[in-house]
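Novice: The structure's right below; bear with me while I get my questions together.
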């Protein structure tokens, strides 16, 4: 796979079955985050191809495919509004108008990830890194997409909270997950692991 | 006293006042004395040139010549905005030009036909100073608006990607950045309107009073021109953003980095 003039991965062929949960690991600078961005159609690919739900990912098809995926960044920039606004904002987008946000589901997910309900009225800027990561994850899960892309989703969490995240993801049988992580506690909850070092020629 | 009594000799005396800021700069050892002197010379030469040129333009009073002068002003404002925002000329100059043209002409024509209700006001003597005032404010607003918009989009790319990844359409993802830029660009004009007359007497009003006009007439014109300026700035900022963004967003929805002058 080539992008922006350099080879990202060679001999890399990955297929994920619906509901499968895959962990990708590699040292920093091996293009893990670039791979996730490429799956969202944000990195133009000049060699190799990506197919999602049987459709080849192009800059045109990416817009539709994005509405079937959710993405959580390692250090999410959630703006400076309240937590409640972060949860409700995506539901105002035209493509998501058919979805329904329920307060009960928010409370449920927050409680499963060890966050108090009172946090909902707090400004994002007042939250810790770990709280922001969990808010970003909840925001992604609320959209009930078919594929979840996670970039180091537990890097700012302690072991106990990481285990809660792992348990929650494990329970979502139908959700296909592609996660990048170094965290062994999270790895235990996923089906298999791929080491990118075997597929990368030029470290980025 | 009227403005015509100011002779070139009296004007030369005004330059003596420059000694005060220059002395302060020397005392503080600020490395801006040569820049200040160059700016002073430029200001003098540019205004003298404009003064002589306007005398000719007002005398001939041709719509063509007035229009040409207006175009020259808009092109200079356009180049100044693009340079100040750190953006590439080729990427945004066209959109900014149209935004300035509409932002200046629309309030100007409204002013002439609905406020003055006199097409004689299309004469050079009215069009050039009024459009100059509107354009000057459009320029300031465009610099703040464009800079805020593109810089925040660059700095907060993660937030933008987050919105797109959550299913936002292009406009839905861009809207928070447009809102922020529009607010930053318009806030100084809103503040100026709120304090006008109390903190500062604006240029147009002062000009009419100094020329011996009735203060109440001056105030009426000032109110009308402030509304024209506000309308012009609002229009130009919104147009500048929307007319420049389309060509600088890739098909994937991301901002092309080539738009920034510091990007190779």
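Cβ atoms here come from the backbone N, Cα and C positions, even for glycine.
As listed in TrEMBL for this protein:
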- B:12-30: transmembrane segment (TRANSMEM)
- B:37-54: transmembrane segment (TRANSMEM)
- B:60-79: transmembrane segment (TRANSMEM)
- B:91-116: transmembrane segment (TRANSMEM)
- B:122-139: transmembrane segment (TRANSMEM)
- B:159-178: transmembrane segment (TRANSMEM)
- B:190-211: transmembrane segment (TRANSMEM)
- B:223-245: transmembrane segment (TRANSMEM)
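Help me picture these features in the structure, burial and contacts included.
Specialist: Residues 54, 57-58, 60-63, 65-66, 69-70, 73-74, 77, 80-81, 99-100, 103-105, 107-108, 111-112, 116, 189, 203-204, 225, 228-229, 232-233, 236 of the same chain sit 6 or more residues outside the transmembrane segment (B:122-139) yet have a Cβ under 8 Å from a Cβ within it.
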Novice: I'd like to know if the transmembrane segment (B:60-79) touches the transmembrane segment (B:223-245) in this structure, counting it as a touch only when three or more C-beta pairs sit under 8 Å and are separated by 6 or more positions.
Specialist: no
Novice: Quickly jot the same-chain residues contacting the transmembrane segment (B:37-54) by Cβ under 8 Å, restricted to those at least six beyond its ends, or write none.
Specialist: 15, 18, 22, 69, 124, 128
